[in-house]
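Annotation source TrEMBL lists Mg(2+) binding site at Asn10, Glu387. Marked as ATP binding site by TrEMBL: Lys17, His211, Leu212, Gly213, Asn214, Gly215, Asp285, Met286, Arg287, Gly333, Val334, Gly335, Glu336, Asn337. Per TrEMBL, the feature substrate binding site maps to Arg94. Residues or ranges marked as active site, proton donor/acceptor in TrEMBL: Asp151. Under the heading site 'Transition state stabilizer', TrEMBL lists His183, Arg244.
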Amino acid sequence: MSATRVLVLNSGSSSVKYQLLDMRDSSRLAAGLVERIGEQSSRLKHTPLATGGDPREWTGPIADHDAALKAVSEELSKDGLGLDSPELVAIGHRVVHGGKTFTEPTVIDETVLAEIERLIPVAPLHNPANLTGIRTARALRPDLPQVAVFDTAFHTTMPESAARYAIDVATADAHRIRRYGFHGTSHAYVSRATAKLLGKAPEDVNVIVLHLGNGASASAVRGGRCVDTSMGLTPLEGLVMGTRSGDTDPAVIFHLARVGKMSIDEIDTLLNKKSGLVGLCGDNDMREIQRRIDEGDEQAELAFDIYIHRLKKYIGAYYAVLGTVDAIAFTAGVGENAAPVREAAVAGLETLGPAVDRELNAVRSDEPRLISPADARVKVAVVPTDEELEIATQTYALVSRH
Ligand code: AMP
């Protein structure tokens, strides 16, 4: 196959993030973002990485995803990289929810579109936007293979014992209620990159991956396959996040409805948007929280402690799930940058094997690296995640086989 370029699209309800990669060497040719689609002040930011030129910004009305993608193609064309280029071999789409159906990246056809649509009730915020992005891209390049890469796919290997909630089976099945997990592309990429960092094959290592961004999730990966993860039916379950509560007693919801007289929508907003770090201390940016802690702010300190306590509980749980652990890997905005979070999360776990070396932990780098002392029985790693590269890699591998 001569064409080697893959365009990766991540379509939200009012935004499109994109990257163009050349899969001969996985290099990035361009990257950008269209925001506030449908408003008067839409914004396109385009970085022409291949030419090393300065980022270009444009503000004005972009009516819909169709107009957004055409604007992106125009920007790409200025550097000879337009969507009509024969060098473009496929478009890879991030799709949040693939349910139980999609266990792998999938070439998109009408049947696949119908199934992604059928999953909207379990992903009402994300799948419609992903579908719009796919339909728009297909209309622009109907001849080009388009691939859906699902956030849930990596977690479909979870055994039923981890994937099922202990609720009435008939009710659960009727509404497709089970634990699906998210951030799968990142957990897949980081667990493999961690194995590589240890000089081993993914099949030969057990890894706990901690994806700590604004959204946060943990996963237990045995020999390259996910056996448990902290997010569930939706991305609300599990760790304390920027604005999401993570685990709570489900009866909190009944209580807020019955006693607090809140509507379901109000509770949904409370738990998804006004909880987590922002609910606990008013800030969801870990940099700001650390700055406040340094100034002696007790509310910020308590928020940090609750965040770390939950993280530790998941690390402990996944030790028990995996039996033996070779490495703990930190990734995403907080995991890659916040040394105090990494130090605090691992502190006190030394009898289980992991440890953090203060000096190594303080090093800032974009490269995957170990931050545990050389003699630690369980390695601790920082592995920058790269979901776009993973989507492009999976897309290219799939179309190359066809
Ligand atoms: P993500 O969702 O992966 O983009 O992560 C975003 C989050 O990463 C932000 O909300 C911050 O809390 C956190 N973050 C980014 N940079 C830093 C940093 N230098 N130190 C601490 N936290 C950071």
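Glycine too: its Cβ is placed from the backbone N, Cα and C atoms.
Shown on the structure are the features that TrEMBL records.
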residue: Asn10; record: Mg(2+) binding site; Cβ neighbours (10 Å): 22
residue: Arg94; record: substrate binding site; Cβ neighbours (10 Å): 22
residue: Asp151; record: active site, proton donor/acceptor; Cβ neighbours (10 Å): 25
residue: His183; record: site 'Transition state stabilizer'; Cβ neighbours (10 Å): 29
residue: Asn214; record: ATP binding site; Cβ neighbours (10 Å): 17
residue: Asp285; record: ATP binding site; Cβ neighbours (10 Å): 14
residue: Arg287; record: ATP binding site; Cβ neighbours (10 Å): 12
residue: Val334; record: ATP binding site; Cβ neighbours (10 Å): 25
residue: Glu336; record: ATP binding site; Cβ neighbours (10 Å): 19
residue: Glu387; record: Mg(2+) binding site; Cβ neighbours (10 Å): 23
Annotated recorded positions Lys17, Arg94, His183, Arg244, Glu336, filtered by Cβ under 6 Å to ligand 1: none
Fewest other C-beta atoms within 10 angstroms, as judged across Lys17, Arg244, which are the recorded positions: Lys17
Alpha-carbon distance [Glu387 (Mg(2+) binding site); Asn214 (ATP binding site)] in Å: 15
Asp151 (active site, proton donor/acceptor) in three-state DSSP notation: coil
Greatest inter-residue Cα distance in Å for the ATP-binding set Lys17, His211, Leu212, Gly213, Asn214, Gly215, Asp285, Met286, Arg287, Gly333, Val334, Gly335, Glu336, Asn337: 24
Distance, Arg244 (site 'Transition state stabilizer') to Arg287 (ATP binding site) (CA atoms, angstrom): 18
Chain-internal residues near Leu212 (ATP binding site), provided their CB is under 8 angstroms and they sit 6+ positions away: Leu239, Leu311, Phe330, Thr331, Ala332, Gly333, Val334, Gly335, Ala338, Val341
Recorded positions clustered about His183 (site 'Transition state stabilizer') [Cα within 10 Å; pool: Asn10, Lys17, Asp151, Arg244, Asp285, Glu387]: Asp151, Glu387
Candidate recorded positions Arg94, Arg244, Asp285, Glu336, Glu387, pick with smallest Cα gap to the residue listed as 'active site, proton donor/acceptor': Arg94
From Lys17, Arg94, Asp285: binding-site residues whose CA lies within 10 A of Asn10 (Mg(2+) binding site): Lys17, Arg94
Nearest-integer angstrom distance between the alpha carbons (Cα) of Glu387 (Mg(2+) binding site) and Arg94 (substrate binding site): 9
